[in-house]
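Listed features, source Swiss-Prot:
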- HIS65: active site (ACT_SITE)
- ASN138: active site (ACT_SITE)
- TYR348: heme binding site (BINDING)
Amino acid sequence: MDPYKYRPASSYNSPFFTTNSGAPVWNNNSSMTVGPRGPILLEDYHLVEKLANFDRERIPERVVHARGASAKGFFEVTHDISNLTCADFLRAPGVQTPVIVRFSTVIHERGSPETLRDPRGFAVKFYTREGNFDLVGNNFPVFFIRDGMKFPDMVHALKPNPKSHIQENWRILDFFSHHPESLNMFTFLFDDIGIPQDYRHMDGSGVNTYMLINKAGKAHYVKFHWKPTCGVKSLLEEDAIRVGGTNHSHATQDLYDSIAAGNYPEWKLFIQIIDPADEDKFDFDPLDVTKTWPEDILPLQPVGRMVLNKNIDNFFAENEQLAFCPAIIVPGIHYSDDKLLQTRVFSYADTQRHRLGPNYLQLPVNAPKCAHHNNHHEGFMNFMHRDEEVNYFPSRYDQVRHAEKYPTPPAVCSGKRERCIIEKENNFKEPGERYRTFTPERQERFIQRWIDALSDPRITHEIRSIWISYWSQADKSLGQKLASRLNVRPSI
């Protein structure tokens, strides 16, 4: 018998039931009892093992992005950007890289409807020849806050009330009344695009500012954008109620059925670029995640296309155990000093270790598809077969060496240790500009959603006044309409 052939995989299933240790099970229907009506015996190991495994089938759900669906496919470079990055998977047009993508809602639980007004996660794992690259983003190009210090409080405010387990507007609007930088995100969330029709008809964005580095070591700030070839479609409230009332997993089913039918969803990848030498030339901070970069002066540059042409084989193994982290990058791509990105670099890996264990990157869906080597040994659920005698570095008995050095962004850091906000907040200009691009009918729906939210009986006059003041600073007519309908005088 080849001991390596039968490593755990369903392809090696025996024709009969066995225990976890491989012993044959001749009766998988009845417990072992004393006589036909007597007590069950503790020595019924098969029963105990079966129940114990069942009791442990569930793992902690993600604290955010719990509800999601995944699919596999490929990314293909269509345009040469080798002048901007030395990333191997972007080296030339025609290069294809396997990917797995997870779409998700953000705040609500694993079994919640996919028709709730909520941002959508859009996370892509590239299995490159130089290791994995995780581009972990959302469907909106901006975020609520710009500093990760606020992230736990933000999620607590958006999550259900800890006393009643009910999501309530007064908690959300109380928290964000302290954070006017959230206005831009709300012009997306409370807009008509706040409920995507499904995952196929949805934009994607890397949200944070990253850096691209070319072979010469020249670095550029970069933003990543996914555009669906089938267009963006959304649900208005009435449609969401109808669709969600019929099938609370409609987006998951749409993705699965479309791929199964050969109707493969496709997205084009675009980037925006800023030379760090020019970062002070704008009226916003390029590292501020609450801002978009204006496309009229920073145009979208095409890079490639992503096609999802294969459904996952097992939901638990390739969706629940699928783990993303913005820290997972490859040569030619690096982090910027975006405050939210810097905190995500730690937090995502940390939550995966809590949820899946310290060896979560050994799980097949998370493991790199290229050769890899390190001395990270042992720990809970370490199932990698290793026969080395040397588990340290350096050693004259193990010829492993350092990889060839690759360019990283040049950076000179100086300054005082301090906790402070960025200088260019500019919280109101962009939300106002975006609101003014809406048609009158779309503006009216946006206003009505805010009327509904601010009409929560637990929202105080002070909080209503703050929000009307914020929206008045973004657009005077918007603030006036809200104030009139809520019978509140704006105070700027």
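Each residue's number is its place along the chain shown, starting with 1.
Cβ atoms are placed via backbone N, Cα and C, with glycine included.
Sequence features, as recorded in Swiss-Prot, placed on the structure.
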| residue | record | CB count, 10 Å |
| --- | --- | --- |
| HIS65 | active site | 22 |
| ASN138 | active site | 23 |
| TYR348 | heme binding site | 19 |
Next item on the list: Tell me whether HIS65 (active site) sits in a helix, a strand or coil according to DSSP.
Entry: coil
Notebook entry, point to check: Distance between ASN138 (active site) and HIS65 (active site) at the Cα atoms, whole Å?
Noted result: 10
